[in-house]
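Going by Swiss-Prot, these are the annotated features:
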BINDING   LYS11, GLY12, GLY13, VAL14, GLY15, LYS16, THR17, THR18  ATP binding site
Amino acid sequence: MARIIVVTSGKGGVGKTTSSAAIATGLAQKGKKTVVIDFDIGLRNLDLIMGCERRVVYDFVNVIQGDATLNQALIKDKRTENLYILPASQTRDKDALTREGVAKVLDDLKAMDFEFIVCDSPAGIETGALMALYFADEAIITTNPEVSSVRDSDRILGILASKSRRAENGEEPIKEHLLLTRYNPGRVSRGDMLSMEDVLEILRIKLVGVIPEDQSVLRASNQGEPVILDINADAGKAYADTVERLLGEERPFRFIEEEKKGFLKRLFGG
């Protein structure tokens, strides 16, 4: 049975698309047949981070409107076996996503034996976001350790509890996971950022990952490569840990303590 996981947040710029790409890639690396769908109609970015923007012929909206089949629109990732991308449309209005159309695409993906359907949601509560949230079995709430980001995430939790298909049908609630991104223990200790404990205290949902602030994320994005493929990057390692936890494995949280500087680093400001 496919698990539909929405990667969402209350505000933009927290690393949702980066996280969607990394998590989908990590699941596929674990042998899980995975598709990642870009729900951000008009602002297509997922294909850039996945490095497949030149291979986009048809998109999500083309499939919904009957202009292309799902097989025509799906892009098979060249680097990772078992991984497929369904890009968003750059040209159409956000109302092009209909509930019936999205439901049919998701049902067709399930019939194709996908084990994970990762939905990269736009920020906030616009049509694409509400559509992705509506159909989710699980939600990864992505937030920075900043007050405004955490507060907006709390609003998304309210929507998940009341406006999802599961809520409407009186089914088990959506399983909620917290993903903390751009975490910098040094800034936390200086009081510039909320601590992991602060965020957990406010949102009160289970922590699935802590992704450190890492220049490798920007470098990977610019190269069109999910950062999880960079096995030397701290962020890549943290995303790999996150995937393990999603699959039910226990993993200690890394990169949450301030690194102790040695004498020479302190002396020369390294």
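Placed from the backbone N, Cα and C atoms, the Cβ positions cover glycine too.
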Check your understanding: In the same chain, which residues outside the set LYS11, GLY12, GLY13, VAL14, GLY15, LYS16, THR17, THR18 have their CB within 8 A of the centroid of the CB atoms that define the ATP site?
Key -> SER9, SER19, ALA123, THR142, THR181
**Study point:** binding-site residues (LYS11, LYS16), the one with most neighbouring Cβ atoms at 10 Å
**Key:** LYS16
Check your understanding: Which residues of the same chain, at least 6 positions away in sequence, have a Cβ lying under 8 Å from the Cβ of VAL14 (ATP binding site)?
Key -> ALA123, THR142, THR143, ASN144, SER149, THR181, ARG182
Review point. Are there residues of the same chain, six or more positions away from GLY13 (ATP binding site), whose CB falls under 8 angstroms from its CB, and which are they?
Key: ALA123, ASN144
Review point. By the DSSP assignment reduced to helix, strand and coil, which category contains GLY12 (ATP binding site)?
Key: coil
Point to revise | Neighbourhood of GLY15 (ATP binding site), C-beta criterion under 8 angstroms, separation at least six | key: THR142, ASN144, THR181, ARG182, ILE211, VAL217
Revision key, fill the gap. Within 10 angstroms of the C-beta of GLY12 (ATP binding site), the count of other C-beta atoms across all shown chains comes to 15
Review point. Can you name the residues of this chain that are 6 or more positions from THR17 (ATP binding site) yet have a C-beta less than 8 Å from its C-beta?
Key: ASP38, ASP40, ASN45, LEU46, ILE49, ASP120
